[in-house]
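Undergrad: Before I ask anything, let me first share the structure, which is written out below as structure tokens.
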Amino acid sequence: MAKEECNSQWHKARDPFAVRNRKVFPSPEQTHKSLITPESKNKQGDNTFPSNGSSADFPARRRVDSSNTLLLIVVTGLSFATRLYKITEPPHVCWDETHFGKMGSYYINRTFFFDVHPPLGKMLIALAGYMTGYDGTFPFVKPGDRYEHHNYWGMRGFCAVLGSFLPVFAYLIVQELSQTHTAAIITATLLIFDTGCITISQYILLDPILMFFIMAAVLSMVKFNQQSYRPFTAPWWLWLILCGGALACALGVKFVGLFVILLVGLNTVRDLWRILGDLSLSLIDIAKHFLARVAGLILLPLFLYVTIFAVHFVLLNKSGPGDGFFSSAFQSRLIGNNLYNVSMPEYLAYGSTITVKNLRIAGGYLHSHWHLYPEGVGAKQQQVTAYLHKDHNNMWLVRKPDNDTQSGSPDLVRHGDIIRLEHKETTRNLHSHLHQAPLTKKHFQVTGYGLNGTGDTNDLWQVEVCGGRKGDLVKVLRSKVRFLHRATGCVLYSSGKSLPKWGWEQVEVTCSPYLKETPSSQWNIEDHINPRLPNISLSLLKPNFLEILLESHIVMIRGNSGLKPKDNEMNSKPWHWPINYQGLRFSGVNETEYRVYLLGNPVVWWINLASLALYFIMVALASVVIQRGISPQQKRIEHSDVLRGGGGLLLLGWLLHYVPFYVMGRVLYYHHYFPAMLFSSMLTGVTLDILLRNADLLLRQPYSDWLHRGGQMVLLFTVLYSFHLFHPLSYGMTGPLAHEPGSAMAGLKWMDSWEF
């Protein structure tokens, strides 16, 4: 009878309907307990301190606190030691240091450039280099170039320091979620001695910076959840603000930061749903909670993110290699650009000499030259292409269809007008017909035809101002214009494809029968010369901050979507990553070179993979026990709560940082998995700790304790020994390759796909 009553009471405690029908409502302190950790805040491991305030508690508390502090110091020391060891080796450019080191130099020199990622990571790299004496003069041309006398160690060291915090953050996160040191130690061990995490932290890359802010956001979120029993106190606000700031910074480094924003967002929605069901709170209190989270997790991150770009635009105020990716109006604000502080007529007119720029990324300027299309490529007429550089062959004259000359003030070109474009250098008209385009076979060929203004009806184009109405004027720099071919109904188009050598590898220009508005079919007037029109300063036409912010994001998104795998380029698959199928060469190929290979410690990664399967099995068993109404011990209930609460959060983090790559069309690389790997390692720590702590289900005391401690020691020894075997991958190796006798990695090429 007593057993049945115990089962009944425990089952009611887990039943949401029983909770709903209680007549005694919880206090705010009870209601605001953490979502993630159901245990009391005064627990450490399996020890519960009494709350009567007796002096006997204090020595035990001090011992636990000092033990926790000592463990944290050891974790921090080992993490920094493994990341900073041999930080200056090799003394040459490795892998993507070519890009991000060069971009750091651009910031120091204030030279504008384009990258598909937001700017914060590169700005921090530049700041680290500047503060440690790097002058921004190293060219970062290609991997293997020696740094010589340049101070590169500051930039590498900065990335390594941020990477060193990852095991520390993981330790603190898992400790909060599980309330045990052992789960936190397992997690920290896996990350400290993972060769992949070490390698990716030791070079001038965005990845350690991104992962630092991702983990900082997750730690702040978990700490904020733990403060939920005392809302609106100073610690509560502190962790909320730190979480919002870390989210802004993660997104400011890479758009992958959106995944951790989604994780925090889902956690916040669940938190607010719980608060809404707390009947002890008034609607005013609920509104305060909602507004506080809006301020801390939406408005603050948005403000910081926009501020990052404001600083970016202020710093990069000189013309550079990134100009051509942006619109003419954007370029007019860059010192040294040919459009900076120049004057020209504001509105397009007949008789003007112009250049016409396509609005797609690397769309180029409308261009022609004396060379003809070769035999068998459409009509053998003059080539028309798009050229990525300034050139006198980019100049075109705007003519009326009847070729009438004008006296006095010229007529302005308006939306809906029919014009001819005459190439200034060769005097041939921009022309199209029903011949097939050279590369884009469903499009029509565009050529130069006629001579000295004479031609035929296939030379006529209708001007369309995007978003305009009949009679609207065409404004230089600002108006987006399309040219519709009158005879065939197609639209002038830059395909982005490079022509063969007969076309000087310039960009193909076609006439597209598909009339949907896209950047490829949109153009703007850049240079505009007409002596009979008054000039205005282009400074009056400069875009405002919000316009350049929007344009920069459009260009970044297009750039990301345009990162397609090239022929013969190694393109990793997402299913490769959890199994550690293939790494990345950071440095060196042959036995005479200093070789570094990005590959996760196989033992760590395969333990993580096995633990994912084990986690689902353990959750399923715990769910069956609960559903059957079996009365487990109190510690089993706590273990189940941690497994489904904290473990569920970490599983969600892993899924959000991994699954989206399956639907991405861009080129993918092995290093994209590392944020997900952090969550996988934390989940492994929680899962294995609970598994070992339930050894008493198999063996009685003291044998269960021996199994518990023995399992921990075997795991620790296995990870340490595997690190001993594979550490040359991170810290560099020379001499024979892995498949040759005498190699430091002899016998360790466990998969044929590994290339060390």
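One-based numbering along the chain as shown.
Cβ coordinates are placed from backbone N, Cα and C, and glycine is handled just like the others.
This is the feature table in TrEMBL:
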REGION    21-60  region 'Disordered'
COMPBIAS  33-55  compositional bias 'Polar residues'
TRANSMEM  123-141  transmembrane segment
TRANSMEM  153-174  transmembrane segment
TRANSMEM  205-224  transmembrane segment
TRANSMEM  236-269  transmembrane segment
TRANSMEM  290-315  transmembrane segment
DOMAIN    345-401  domain 'MIR'
DOMAIN    410-466  domain 'MIR'
DOMAIN    471-528  domain 'MIR'
TRANSMEM  603-626  transmembrane segment
TRANSMEM  647-664  transmembrane segment
TRANSMEM  670-692  transmembrane segment
TRANSMEM  713-731  transmembrane segment
Undergrad: Using a Cβ distance cut-off of under 8 Å, indicate which of 153-174, 205-224, 647-664, 713-731 has the most pairs with the transmembrane segment (670-692).
TA: 647-664
Undergrad: What stretch in 205-224, 647-664, 713-731 has the biggest tally of Cβ pairs under 8 Å against the transmembrane segment (603-626)?
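TA: Ranking 205-224, 647-664, 713-731 by Cβ pairs under 8 Å to the transmembrane segment (603-626) puts 713-731 first.
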Undergrad: Below 8 Å between Cβ atoms, which of the listed ranges 153-174, 236-269, 647-664 makes the most pairs with the transmembrane segment (205-224)?
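TA: It is 236-269 that shares the most Cβ pairs under 8 Å with the transmembrane segment (205-224).
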Undergrad: Using DSSP, how many residues in the domain 'MIR' (345-401) fall into helix, strand and coil?
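TA: So the domain 'MIR' (345-401) is made up of 3 helix, 26 strand, 28 coil.
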Undergrad: Are the transmembrane segment (647-664) and the transmembrane segment (236-269) close enough that 3 or more Cβ pairs fall under 8 Å, when only pairs 6 or more apart in sequence count?
TA: yes
Undergrad: State the non-local partners of the transmembrane segment (647-664) in its own chain: residues 6+ outside its ends, Cβ under 8 Å from one of its Cβ atoms.
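TA: Residues 36, 177, 214, 218, 222, 256, 259-260, 262-263, 266-267, 574, 577-578, 612, 615, 619, 672-673, 675-676, 679-680, 682-683, 686-687.
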Undergrad: If we skip the immediate neighbours and take only residues 6+ beyond the ends of the transmembrane segment (153-174), which ones have a Cβ under 8 Å from one of its Cβ atoms?
TA: 71-72, 75-76, 78-80, 83-84, 87-88, 101, 104, 124-125, 128-129, 131-134, 183-185, 187-188, 191-192, 197-198, 200-205, 208-209, 211-212, 215-216, 218-219, 222, 646, 678, 681-682, 685-686
Undergrad: How many of the residues that make up the domain 'MIR' (410-466) does DSSP mark as helix, as strand and as coil?
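TA: Split by secondary structure, the domain 'MIR' (410-466) comes out as 3 helix, 29 strand, 25 coil.
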